[in-house]
Amino acid sequence: MINLSLYQTNSLSYTIIWMLFVIPSCVLSVDERQKHCSPTFRCGKQTDLYYPFWSPDREECGHPVFKVNCSGDFAEFTISTVKFHVLEMNYESRIIRLVRTEYLNNLCPWHPENRSINQEVLPFLQDTELGTFYYNCSGPTVDELANGYIRQLGCDEEVGGKSYFVSSPSHPGNRAILDGLSASCERNVDIPVSRSAMETTATNQSLEAIKKVLDVGFELGFNSDCSLCVASKGACGFNQSSKAFVCYCKDEPHEHTCGKMGIGIGLGCGFLGATLITVCLLCFFFQKRRTSHHLRPRDNNLKGLVQLKQYSYAEVRKITKLFSHTLGKGGFGTVYGGNLCDGRKVAVKILKDFKSNGEDFINEVASMSQTSHVNIVSLLGFCYEGSKRAIVYEFLENGSLDQFLSEKKSLNLDVSTLYRIALGVARGLDYLHHGCKTRIVHFDIKPQNILLDDTFCPKVSDFGLAKLCEKRESILSLLDARGTIGYIAPEVFSGMYGRVSHKSDVYSYGMLVLEMIGAKNKEIEETAASNSSSAYFPDWIYKNLENGEDTWKFGDEISREDKEVAKKMTLVGLWCIQPSPLNRPPMNRIVEMMEGSLDVLEVPPKPSIHYSAEPLPQLSSFSEENSIYTEVFIGSTS
């Protein structure tokens with residue numbers, strides 16, 4: 001009698017042995033440049049560098065402009081005669097942080113030149129903006145700008161004479177003043193700076209504060225071609241003949257990504273492919289009954305995640321010291337504090353009840369893996385083992401915003417800090433809606449999901465309810481209402497208000513802003529005082545605006561500037577919570593409103609309670625394109 005099990009085992013063994021001999025001759029004819037450029041290299045104290053940077057022995061592996069000098073602690077490259085230090089290379093988040101060498105702790109270098117960075121290779125991130133230095137100016141002294149920041153530098157006569165540093169030089173409101181200033185100055189130099197670092201000068205306008213802004217450096221993104229090339233197992237390089245990016249692959253160079261092997265290799269390996277398919281089918285058939293942990297169809301979505309660390313569950317237990325330090329609990333799981341082996345503090349979210357639905361995990365990892373922004377929490381890795389699911393992201397020292405909006409701690413944050421937090425959240429949402437290749441709609445914006453670092457820089461977190469859609473699209477189809485009561489847009493509940501879209505996040509943001517300044521919380525007091533449960537929430541906000549009572553929880557003791565900021569936040573919040581999505585501004589417009597002057601902000605139209613089954617009318621021109629947006633599903637809804 002034939003032992004079928006033994007026969008199958010021996011057959012599989014023979015097949016594997018045969019493949020070990022066939023594969024090397026069939027598919028491992030690797031292009032030497034792919035082998036040469038795949039490893040990273042060290043420069044000074046910095047490790048793991050690759051494209052666009054290159055050292056003398058790796059010329060074909062980088063862009064010609066970015067040859068680095070490794071004689072010091074930091075990698076340094078030169079554009080024309082201008083040198084830049086590479087402060088940080090973060091390939092996980094795809095961020096490069098640079099600083100102009102001659103401006104390190106020096107505002108008045110000798111005859112600086114105006115040189116720009118090729119943004120086709122290293123594009124500016126959303127947090128990067130241009131500042132301008134004006135040197136040897138002969139015109140009248142300029143002390144202030146209505147729509148920006150200007151500071152006289154005090155350079156020596158032989159170096160720079162009467163000189164200035166200006167932020168937001170491209171703002172239309174500054175054009176007349178700066179055109180005159182530029183004409184009277186001998187030299188103008190544009191310097192990229194960090195927008196979030198520049199915000200610190202609002203409270204500290206000293207020259208030392210400007211130096212610190214420059215020393216922090218500015219952030220650039222990676223060339224998207226290189227990211228796609230690496231994801232396809234290629235190595236990034238530069239074609240000297242065509243003067244263009246090239247992806248070195250195992251078979252031959254390609255323009256963007258590694259595609260299929262050549263026809264000859266494909267024909268030679270066709271039989272091997274058929275054999276592999278047969279073996280896989282046999283293994284699947286015999287293993288199906290013997291395992292209880294099957295991969296769900298939606299799990300395959302994680303195969304598209306690249307350059308992310310995948311941790312085992314044992315590693316997660318070690319990182320969190322057996323889950324000994326609980327940071328918080330939510331509807332999707334528990335968050336624990338921990339430390340990576342390099343000492344970095346992290347937060348680890350363990351998703352609960354994964355067996356019932358894995359879409360929350362897929363949503364969060366797929367959404368966060370596509371983001372890289374100062375106001376979006378950084379994803380560092382994930383665990384995907386059996387039924388265990390965990391997400392590892394950066395640790396934020398000040399926790400979530402909601403604890404600072406409670407009665408006990410509300411006075412700890414002044415108007416200026418709350419404004420910076422609200423502006424940062426707006427920029428983060430603007431990035432999700434308009435800055436990513438695939439638009440991300442969060443659907444759960446609330447104080448508990450806004451994390452704060454040690455400088456109270458806000459970061460949007462918790463993407464468990466997020467949806468992805470193509471940028472050209474706007475309308476999402478939802479099979480279930482999602483979000484938190486009090487922050488959910490009305491169209492999520494009822495189609496009479498309009499279609500669900502990224503404008504649903506705008507509504508949640510408006511409720512968040514009103515809560516931050518105390519306007520939302522006062523609803524309870526007003527309703528209780530009037531003994532009416534039918535009063536429409538914004539009614540009393542409009543009444544207070546008409547009566548000039550717009551300081552909310554801050555009282556009358558705050559300064560005139562802070563009162564204007566509180567009123568601006570109120571108006572922006574009211575625009576955001578308009579019942580019809582068509583009447584809400586998009587997030588990029590909200591950022592402009594928050595950054596702009598209060599004088600140009602109009603009081604939004606006062607909505608009325610609308611019970612008709614007809615859609616609400618459009619009251620403003622804030623609506624974006626009318627093309628229908630189809631949802632890009634990242635997980636099965638079954």
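Heads up, the Cβ atoms here are built off N, Cα and C, so glycines get one too.
For the annotation N-linked glycosylation site, the record in Swiss-Prot points to N136 among the listed residues N136, N531.
The distance from the Cα of D444 (active site, proton acceptor) to the Cα of Y393 (phosphotyrosine) comes to 18 Å. As a whole-number mean, the pLDDT of the domain 'Protein kinase' (321-609) in this prediction is 80.
According to its DSSP assignment, Y393 (phosphotyrosine) is in a strand. Following the DSSP three-state reduction, the secondary structure of D444 (active site, proton acceptor) is coil. Here Y393 (phosphotyrosine) comes close to V346, A347, K349, M368, V377, S378, L379, L380, S461: these same-chain residues lie at least six apart in sequence, with C-beta atoms under 8 angstroms from its C-beta.
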